[in-house]
């Protein structure tokens, strides 16, 4: 879903930004008493590398957490997001082509393919297009609207 | 502007004036020709006849004018003087102001601008009006913003820029300032935001190229980066004993460079810029400046889609890595090379050197320009200062005009049609140019630097509340002006969690909007009988068939192509990694 995808990225960024601030704070605490450069325990470039690795690690953890956390609410949001939305199809040309056939397998895997299949089905034709595809129970919520 | 809070009495600093010669003059003339040429070109290719075209560049900007304009609007002449001066006085921690913005600008592009875009607003008070309903909050914000622009942003740039001109060219300060402001106003008034953003791209090139040249020369003169590290701690002036020992003593800490000069994060109790303040305090003020202020947000709203906004923010972030190396380090080099002038400590000596007894660290950058740069390149540095000054001032003029026109004028005259708003917008720029000129006598009168401390305090008092109001507005749905009126139907596309919602929104400001629409319709019918006068002003055709100057009827689109979204997200991650590395390296 675009929302969750963007939210993922956005929350990831926010999370990463906060985490790197905390990381810098930790770096300072570690170096707290040292004022002169000669007394540094680690060379400067190493401090930088450690900070970057910590940041990337935290970003990765955040990404995993968001991916796990954002699975569930997504199905409920689908109903709201897709009402009356035709433009999605035109935008998601990149995604729409491989997605149609392998509906069952891709549901729940990546959000983009999921939304593209739904959009492809919904957009121009009658709403009953759903009936032809074997999908999860969540689809019932959509058609009933 | 926040960097220029230290002893800013540049007005009689420079007893060394730039001896202008033909090479310098030709560089400066070439610079002005380039800027005006780009301004005219942008003016001709853009449609300035509508509110959206004039104030938001028709929402057609690509990422590189957005990024360059964000950078150039932010970097003013005060940065050159303030960053270098503070770097000379206390080391690199002041660069934390710049490097903090690296993360805040990503918050802008990823979290705040999507909400502003789907809300379909042009100004920030409009967003608050839609989000909270009522008119008080938007009025407060408009008035406070205009106040802050006039008293903090414009004043700072006028201080630093006007004096540079006077000292460099030896002209009468009024003549120089009026000329400069008229040139700025020329392309601001006629071209609108489109002209501004393209000229800002030129200004960014000039700023970075010139500053790189000076940095190169400075490092060459001092002997390299490691030489700077070694020599800075020894940069003490030769005169450090008091001339009147009965009246005062001078302790060594006054003139000895700080031990933690090369640390970004300093001790929370004994440091001059304690690290909690640098990390969290600057972030809050930065949140106000980058995420909620009209000057910066307007540039993002002018982009053609969200991907371009994000790419522009990333570009601005990368550019914000540079001021540490282009301004702070040269300031420290200046102290190493000229410890008796830049690092003077005896009040009588300082008074002789730069006209103020408090200290002369603020002459760090100009001293380098005068002493190190060869002929022709001094003109380039003057062009750099003018570029920084003009880009910042033009952005402030345009954004304050946007605020006044769309938030105050439409309240005074709801029936105003587009053409009237465009005229009002242009007239306001002239008014604010006159206000800026009025700062010159203040510059000449205020010899001490205390004025700048007050200015910085004012903006620091007002920034956090505004930042928190916007933060709550965007992220916390339950916060409302009236307790009764809560509920999702008012908040579609106004909060971050509902930014993709396509449902109908029950506008909290529906009544005012309806009154305005009705007034405009009536005025339009009355006007149909009379002839139209204002064809000169470059607005669209005679028949005012154009829709009223509101947000476009169709829902603004914040969708992104997924391929580009991944590219942009990856780039943001890389930029943050680079920023974290720099923070870690210099911590």
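Counting begins at 1 with the first residue displayed.
Backbone N, Cα and C atoms are what each Cβ position is placed from, and that goes for glycine too.
From a predicted model like this one, the values you see are computed outputs, not experimental measurements.
What TrEMBL records for B:542-557 is compositional bias 'Basic and acidic residues'.
Summarising the annotation, TrEMBL assigns region 'Disordered' to B:534-557.
Long-range Cβ contacts of the transmembrane segment (B:25-44) within its own chain (Cβ-Cβ under 8 Å, at least 6 residues beyond either end) map to 183, 186-187, 190-192, 194-195, 197-199, 201-203, 206, 376-377, 379-380, 382-383, 386-387, 390. Per TrEMBL, transmembrane segment is recorded for B:25-44 (among others).
Per TrEMBL, the feature transmembrane segment maps to B:64-89 (among others).
Within the chain, the transmembrane segment (B:101-122) has long-range Cβ neighbours (under 8 A, six or more residues past its boundaries) at 51-52, 55-56, 70, 74, 130-131, 283, 286-287, 289-292, 296-298, 300-301, 306, 309-310, 312-314, 316-317, 320-321, 402, 406, 470, 474, 493-496, 499-500, 551-552, 555-556, 558, 572, 575-576, 579. Feature annotation from TrEMBL assigns transmembrane segment to B:101-122 (among others).
Annotated transmembrane segment per TrEMBL: B:134-151 (among others), in sequence order. Sequence-distant contacts of the transmembrane segment (B:134-151) (same chain, at least 6 residues past either end, Cβ-Cβ under 8 Å): 123-126, 128, 293-295, 396, 399-400, 403-404, 407-408, 411, 432, 435, 455, 458-459, 462, 466, 469, 481-482, 508-509, 512.
The transmembrane segment annotation in TrEMBL covers B:171-198 (among others).
Taken from TrEMBL, the feature transmembrane segment applies to B:205-228 (among others). For the transmembrane segment (B:205-228), same-chain residues at least 6 beyond its ends with a Cβ under 8 Å from one of its own Cβ atoms are 31, 72, 75, 80, 319, 322, 325-327, 329-330, 332-334, 336-337, 368-369, 372-373, 377, 380-381, 383-384, 387-388, 391.
Taken from TrEMBL, the feature transmembrane segment covers B:273-291 (among others). Here the transmembrane segment (B:273-291) has Cβ contacts under 8 Å with residues 2, 74, 90, 93-94, 96-97, 100-101, 103-105, 107-108, 111-112, 264-267, 297, 459-460, 463-464, 466-467, 470-471 of the same chain, all six or more residues outside its ends.
Summarising the annotation, TrEMBL assigns transmembrane segment to B:312-333 (among others). Away from its own ends, the transmembrane segment (B:312-333) comes close to residues 63-68, 70-71, 74-75, 79-80, 83-88, 91-92, 94-95, 98-99, 101-102, 105-106, 108-110, 204, 208, 211-212, 214-215, 218-219, 221-222, 228, 232, 261, 299-300, 303, 361, 364-365, 368, 568, 571-572, 575, 578-579, 582 of its chain (Cβ-Cβ under 8 Å, at least six residues beyond either end).
What TrEMBL lists as transmembrane segment is B:380-409 (among others). Proximity of distant same-chain residues to the transmembrane segment (B:380-409), defined by a Cβ-Cβ separation under 8 Å and at least 6 residues beyond the stretch ends, is recorded for 18, 24, 27-28, 31, 35, 51, 55, 69, 72-77, 79-80, 122-123, 125-126, 138-139, 142, 145-146, 149-150, 153-154, 157-158, 160-161, 164-165, 168-169, 180-181, 183-185, 187-188, 192-193, 196, 199-200, 202-204, 206-207, 209-211, 213-214, 294-295, 298-299, 369, 373, 416, 421, 424-426, 428-429, 432-433, 436, 549.
Feature annotation from TrEMBL assigns transmembrane segment to B:421-442 (among others). With a cut-off of 8 Å between Cβ atoms, the residues of this chain six or more beyond the transmembrane segment (B:421-442) that come close are 48-49, 51, 54-55, 150, 154-155, 158-159, 162, 173-174, 177-178, 181-182, 184-185, 188-189, 393, 396-398, 400-402, 404-406, 409-410, 451, 534, 537, 539, 549.
If you look up TrEMBL, you'll see B:454-476 (among others) marked as transmembrane segment.
With a threshold of 8 Å between CB atoms, the same-chain residues lying at least 6 positions outside the transmembrane segment (B:567-586) that come near it are 92, 95, 99, 102-103, 106, 109-110, 262-264, 307, 310-311, 313-314, 317-318, 321, 324, 560. The transmembrane segment feature in TrEMBL is assigned to B:567-586 (among others).
Beyond its flanks by at least six residues, the transmembrane segment (B:454-476) meets 1-2, 5, 111-112, 115, 124, 127-128, 131-132, 137, 141, 144, 148, 151-152, 155-156, 284-285, 287-289, 291-292, 494-497 of its own chain at Cβ-Cβ distances under 8 Å.
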